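What TrEMBL annotates here:
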ACT_SITE  223  active site, proton acceptor
BINDING   98, 99, 100, 101, 102, 103, 314  substrate binding site
TRANSMEM  353-374  transmembrane segment
TRANSMEM  380-399  transmembrane segment
């Protein structure tokens, strides 16, 4: 089914975190000066973006919809590797719904640095996901970046979910077949140490953008899709039109779900696949292939994925984006109370200077190589993935075994370090 462009202008243990360094590499491009990160003569588009209409959201459930096509990223990559533009094989007015939850919430990042031009947007709740900060970055500078993990949910009682969207009518029933599995009760109490930041126990809050195929290909490239994150189809529930930011966030969304694509970390996806396999939910298992052998070469592990704190710069982008989209006040308050990483001792300052002086040449080299050898879709070749993973494994090993013991913590503010 064709979507029309709007007319308006292996389970990863909880104590270990495996990551692919190409994800971190893509995030580091955001640290470049504006004139390097953004093409010259490109101004930030500040025009208002319309709300994604009900017809487009319903269309995401069609079997032929691009929002349901699990092979879409591979199709785009294969075509572009052969020099074929997406416009040559896909209908011009076909679009994709993409879920953003991190720095892409901020227009400065999404519409500015990445140069994406959304056709429409809508704020959503995603019951099956939760926000995390478990993607390792660079010690002493950008300790971690945002990611997501699956939440444990169980089906609520039928009479607890009653449609509330004022756009809903009886014909919506055919689009709600998968709603029950995603609107479950969640564990309200998690065992965390005293120094951990307050946990968000409700559904993930984010924004779904409607973008062109060309822009979606750009998103895949800049986010390390395929070789960094995995493209997955997720059920999203829009806030009702009567919802106000000051209202509490519902535990169980009652608006009709629609499909959107998002990019998940392989660690989170592997955990879900194993969990579904153990439960016998074969029908819900993704059909994508396993990671290639080169992808897993020199993948590094962090001993505790919940330990690191984001930098004030990075968290600031997420908070700015949340304010721009008028996301729930309670969610913005949650973001505001997350503690950020700060250097508090002279030893740490010295360690940061030495650490960056030692590893900056390698980081600059990998950034340069990623630009030189990137394919037409922006993805880097397998040998460069191995090189990047090796460099970051060395970087983190040098931190764990030398810099941290000698110069102090480069992931968490010392006053907040857990005993």
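If you go along the chain as it appears here, the first residue is 1 and each next one adds 1.
Glycine residues also receive a Cβ, built from the backbone N, Cα and C atoms like all the rest.
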Position of peak Cβ density within 10 Å, selected from the binding-site residues 98, 101: 98
Secondary structure at residue 101 (substrate binding site), reduced by DSSP to three states: coil
Those residues of the chain, 6+ apart, with a Cβ under 8 Å from that of residue 100 (substrate binding site): 110, 206, 207, 208, 209, 262
Recorded substrate binding residues, 98, 99, 100, 101, 102, 103, 314 - maximal Cα separation rounded to whole Å: 21
For residue 314 (substrate binding site), the three-state class that DSSP assigns: helix
